[in-house]
Amino acid sequence: MLAWSKSIGRCTVSFISVLLTQLALFLVPLFFSASPILIQLTLSALVLVVVLGFGGWCKRLLGFNASAPAFVFCSIFFIWGVHIAIVRQAISPVMDVLFNVEMIMLIIGLFRIMLKDPGFVSSLLQMRARYCKSCQTYVQGFDHHCPAFGNCIGQKNYVLFMVLLVGFITAEISYIVCSSQFTSKFRVLEENRVESGSILVMARSTLLFCVLQVLWQGPFLIWHVYCICFNIRTEEWVNWKNYPEFQLNASSLSGENYQETSFKNPHNKGILQNVKEFLTLK
């Protein structure tokens with residue numbers, strides 16, 4: 001019962017955080033609609049930083065923090081709701097169907113990656129098994145622990161992780177396109193100026209939110225494409241000095257009593273073979 005009450009509390013904090021985030025983002029185009037898009041994006045980024053601070057404050061005050069997966073789910077449903085209630089009015093039926101399919105696939109993918117075994121093993125005897133401090137267990141092919149998905153990313157779910165990451169970026173770009181079409185075609189109704197103006201601001205604020213997501217997820221995707229091409233994991237790249245197989249000891253100079261340790265990647269088999277190995281992960 002204690003675990004359930006804590007989980008409900010974390011999800012509640014996440015739901016409130018999403019509402020506060022979107023409300024704060026709503027204020028940016030409301031008061032700074034004439035400002036350049038770069039200024040609006042900067043202000044929106046500051047809003048997200050404040051929300052992260054709010055999550056830390058809740059952890060100190062309540063004894064538990066927000067649930068990152070719950071925050072992701074609530075954000076998805078919020079954006080989807082704005083699309084259904086507002087944005088879809090100004091886009092083609094094809095784009096509407098496409099976006100709805102993307103959102104359904106995202107939700108299915110999130111459930112799968114949250115529940116899928118990333119490659120848990122009981123010891124370091126398995127090849128490239130690394131210890132995850134968050135899950136407190138060993139994971140074969142461990143890349144990192146993903147708070148947003150509530151699971152480790154390892155050998156058994158790395159492909160799914162990449163598909164899901166591409167799916168997020170694709171859905172966000174689709175929403176940016178749809179929301180841009182809506183704002184360009186939107187006309188304030190004479191008989192209901194306040195309501196219509198609020199609708200337009202909501203479309204713009206959610207557009208800013210999606211742009212910010214793409215701005216950090218894009219480089220994140222590029223990094224993982226690099227890791228796949230050279231058969232290296234994020235954990236191995238960051239902490240390579242902790243793993244002897246990634247260390248190359250250079251000969252010391254005459255008269256000096258030290259050795260220089262440099263990085264080597266024993267798993268790199270060439271880009272084509274590395275990509276093939278990634279696609280056939282089991």
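Keep in mind that glycine also has a Cβ here, set from the backbone N, Cα and C atoms.
As annotated by TrEMBL, transmembrane segment applies to 12-32 (among others).
The transmembrane segment annotation in TrEMBL covers 38-58 (among others).
Summarising the annotation, TrEMBL assigns transmembrane segment to 70-91 (among others).
Here TrEMBL flags 97-115 (among others) as transmembrane segment. Only residues 6 or more beyond the boundaries of the transmembrane segment (97-115), in the same chain, are considered here, and those with a CB under 8 A from a CB of the stretch are 69, 72-73, 76, 80, 83, 149-151, 157, 160-161, 163-164, 167-168, 170-171, 174-175, 178.
The domain 'Palmitoyltransferase DHHC' feature in TrEMBL is assigned to 126-241.
Annotation source TrEMBL lists transmembrane segment at 158-177 (among others). Long-range contacts of the transmembrane segment (158-177) within its own chain (CB-CB distance under 8 A, at least 6 residues past either end) are made by residues 79, 83, 87, 95, 98-99, 102-103, 105-106, 109-110, 112-113, 116, 118, 141, 143, 146, 149, 206-207, 210-211, 213-214, 217-218, 220-221, 224, 228, 278-279, 281.
Per TrEMBL, the feature transmembrane segment maps to 197-216 (among others).
Cβ atoms under 8 Å from those of the transmembrane segment (70-91) belong to residues 10-11, 14-15, 17-18, 21-22, 99-100, 103, 106-107, 110, 148-149, 175, 178-179, 181-182, 185-186, 199, 202-203, 206, 209-210 of the same chain, restricted to positions at least 6 beyond its ends.
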